[in-house]
Amino acid sequence: MTGLARFERRARELLDPVHYDFFAGGAGDEVALADNEEAFGRLALLPRILRDTTGGSTAVTLLGDACEMPIFVSPTAFHRLAHPGGERATARATAAAGTVLVTGTAATTPVADVVAEAREIREDATVWFQLYLQPDPEVTAALVRRAERAGCTALVVTADSPVFGRRGRDDRNGFHDLPPGLYAENMRDLPGGADRVRPIEMSGAFTWEHLDRLRARTDLPIVVKGVLHPEDARLALRHGVDAVLVSNHGGRQLDVAPATVDALPAVAEAVRGRIPVLLDGGIRSGADAVMALALGATAVGVGRPVLWGLAAGGEKGVGEVLELLRDELVHTMALCGAASPGDLTGDLVTRRGAPR
Ligand SMILES: Cc1cc2nc3c(=O)[nH]c(=O)nc-3n(C[C@H](O)[C@H](O)[C@H](O)COP(=O)(O)O)c2cc1C
Ligand SMILES: CC(C)CC(=O)C(=O)O
């Protein structure tokens with residue numbers, strides 16, 4: 001078994017099947033979930049030859065943060081459900097890999113502890129905070145302050161969840177609550193809920209105006225997560241957003257959303273290089289990352305692969321997953337004649353079965 005698949009297999013062996021299903025599953029018939037991965041299989045890379053790639057680098061700068069590779073850790077809920085080391089283990093491994101960790105509202109470890117853990121490994125470790133805007137603006141404001149005080153350097157606002165996706169596996173398994181002792185720790189001690197953990201609320205009432213209010217309230221760069229329509233990318237630009245993240249929430253929200261790599265070119269075209277375009281969904285190899293970068297992403301996020309590494313081997317497992325992806329990325333770039341991510345251009349991507 002090559003690549004990341006062995007981590008998923010190991011995770012499946014070790015995890016409670018109900019928890020495995022929570023991590024692995026998607027919305028509805030899991031069409032978008034499957035398509036995220038399959039869409040990469042429909043693409044091929046058209047390599048360039050005789051280009052000196054020695055002395056190349058995978059480094060990129062993301063919203064001012066130096067990043068050793070254009071692969072970051074997307075926000076996923078409840079890491080302590082995957083492994084007792086939880087978000088702390090993920091933070092240490094991600095810092096060691098020199099890349100960005102996006103922790104968030106649904107973490108089972110407080111954001112301050114996540115950042116402290118990452119900075120123990122590397123002083124300048126980068127942690128961003130994924131925010132679910134909450135209907136009570138005071139609660140949202142408190143979450144933002146919490147992330148700022150912890151030392152997060154960007155906010156990632158998830159905008160694809162006006163309602164919670166319908167996850168058939170969780171319904172069938174009756175999985176709706178965390179086991180005793182595990183909580184969304186960032187929701188603890190917030191206004192109106194002293195001494196208790198507030199539930200994370202989804203709301204369909206949010207508009208770009210709420211983004212404007214957030215913009216006015218924080219100096220942190222803002223990433224909007226869940227952009228698929230090019231017009232929303234244009235709106236993001238108009239509302240002073242610092243980056244967009246092309247995502248369908250790993251196929252966990254709108255089940256008939258397109259695969260993210262299929263949605264990427266139109267978004268990149270709308271943005272025309274003015275702000276970074278990030279992507280997550282279905283990245284399972286360094287070659288997948290190369291394809292997305294060539295199609296206009298500045299960096300790509302991985303969700304489940306990190307959860308599988310965490311479940312399989314805690315900090316060490318996450319480290320192995322990130323190193324495997326880095327190694328594949330470097331190798332694929334070299335074979336494509338690319339010395340740095342900037343050399344990955346759209347002409348390198350073609351449809352499988354239909355070379356130019
Ligand atoms: C178990 C799980 C939990 C997730 N939790 C969140 C979350 O709390 N907030 C969020 O914005 N996205 C969440 N996501 C979506 C991820 O950030 C990301 O978009 C997705 O996992 C990328 O797809 P991939 O798993 O194929 O890499 C979650 C995804 C999974 C699989
Ligand atoms: C439990 C949710 C807040 C997180 C999640 O499962 C998701 O965003 O997919």
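Backbone N, Cα and C atoms are what each Cβ position is placed from, and that goes for glycine too.
As written in TrEMBL, here are the features:
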DOMAIN    1-354  domain 'FMN hydroxy acid dehydrogenase'
BINDING   Pro75, Thr76, Ala77, Gln130, Thr158, Lys225, Ser247, Asp280, Gly281, Gly282, Ile283, Arg284, Gly303, Arg304  FMN binding site
BINDING   Tyr132, Arg167, His249, Arg252  glyoxylate binding site
ACT_SITE  His249  active site, proton acceptor
- [ ] Work out the three-state DSSP category of His249 (glyoxylate binding site).
- [x] helix
TODO: Quick one: of Tyr132, Arg167, His249, Arg252, which binding-site residues lie within 10 angstroms of Gly303 (FMN binding site), measuring between C-alpha atoms? Sequence order, please.
DONE: His249
Task: Where Thr158 (FMN binding site) falls in three-state DSSP terms - done: strand
TODO: Select, from Pro75, Tyr132, Thr158, Ser247, Gly281, Ile283, each of the binding-site residues with a Cβ positioned under 6 A from at least one atom of ligand 2; if none does, say none.
DONE: none
Task: Pairwise CA distance, His249 (glyoxylate binding site) versus Ala77 (FMN binding site), rounded so that it is a whole Å - done: 12
TODO: In whole Å, note down how far the CA of Arg252 (glyoxylate binding site) lies from the CA of Pro75 (FMN binding site).
DONE: 13
Task: Other CB atoms within 10 A, centred on Thr158 (FMN binding site) - done: 22
